[in-house]
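Annotation source TrEMBL lists domain 'Orotidine 5'-phosphate decarboxylase' at 4-220. Residues or ranges marked as substrate binding site in TrEMBL: D10, K32, 59-68, T115, R175, Q184, 204-205. Summarising the annotation, TrEMBL assigns active site, for OMPdecase activity to D59, K61, D64. As annotated by TrEMBL, active site, proton donor applies to K61.
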Amino acid sequence: MTRPIYVALDTPDLAAAKAIAEKVRHHVGGVKLGLEFFVANGHHGVREIAALGLPIFLDLKLHDIPNTVAKAVQALRGLDPAILTVHASGGRAMMEDAKAAAPAGTKVVAVTVLTSLDGDDLAAIGVNGDPQAQVARLVALAREAGLDGIVCSGNEVAAAKRAWPGGLFVVPGVRPAGADAGDQKRMMTPAQARHAGASVLVIGRPITAAADPAEAARAIESTL
């Protein structure tokens, strides 16, 4: 992608989200709208942001039985998102049905291991192995299911790209050097993630919480 940065507008406030999107629109490749935004604003809110002319990454992390996820994706078709997320742990059949239900132009990508989790967190929910091993398993499953790519931390993206050279790799948990880690446990800088093979860099608070979001986006873009 020409501009790999997608700014994460993780807020229920539609006016605030639109204001930030307007400020950074010339320095990012698109906007990521997650569950917080979607629950508060629904289809109308997504259309309001899309009207600004930026590609929409709809990060809903769908995870349910295959039929339910397929019907949910069908209900989103009118929004025509550029990227849509489902959870890889929902299984192959769920991912296959999600892809089949999505608009032709939508990239359906599978969330592997959330960047807020580490090895101890995985062990607590009964997953054996470190995050890298779990991501590797889910990369193979997503590829077999016919998805377009995956979501993983920068720590796993190089190995994922070697395993799936043609995949789309979305990397959240990206922070400029010196930035507060927040709730991210597995993170790296935008330049490091891009060099490792990230196709899309999801960046939220370092841009949205900055005194000048446009300048923050410009500064990060200049490091890539």
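Keep in mind that glycine also has a Cβ here, set from the backbone N, Cα and C atoms.
Bear in mind that TrEMBL entries carry predicted annotations, made automatically and left uncurated.
Sequence features annotated in TrEMBL and their locations in the structure.
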{"residue": "D10", "record": "substrate binding site", "Cβ within 10 Å": "17"}
{"residue": "D59", "record": "active site, for OMPdecase activity", "Cβ within 10 Å": "25"}
{"residue": "L60", "record": "substrate binding site", "Cβ within 10 Å": "19"}
{"residue": "K61", "record": "active site, for OMPdecase activity", "Cβ within 10 Å": "16"}
{"residue": "H63", "record": "substrate binding site", "Cβ within 10 Å": "16"}
{"residue": "D64", "record": "active site, for OMPdecase activity", "Cβ within 10 Å": "15"}
{"residue": "P66", "record": "substrate binding site", "Cβ within 10 Å": "18"}
{"residue": "T115", "record": "substrate binding site", "Cβ within 10 Å": "24"}
{"residue": "G204", "record": "substrate binding site", "Cβ within 10 Å": "21"}
Quick one: what's DSSP say for D59 (active site, for OMPdecase activity), helix, strand or coil?
-> strand
Residue among active-site residues D59, K61, D64 with Cα closest to the Cα of G204 (substrate binding site) = D59
For the domain 'Orotidine 5'-phosphate decarboxylase' (4-220), would you mind checking the mean pLDDT of the predicted model?
-> 93
Cα of D64 (active site, for OMPdecase activity) to Cα of D10 (substrate binding site): how many Å, rounded?
-> 23
Provide, as an integer number of angstrom, the distance between the C-alpha atoms of D59 (active site, for OMPdecase activity) and D10 (substrate binding site).
-> 10
If you run the three-state DSSP split on G204 (substrate binding site), which class comes out?
-> coil
Local backbone state of P66 (substrate binding site), from DSSP in three classes = helix
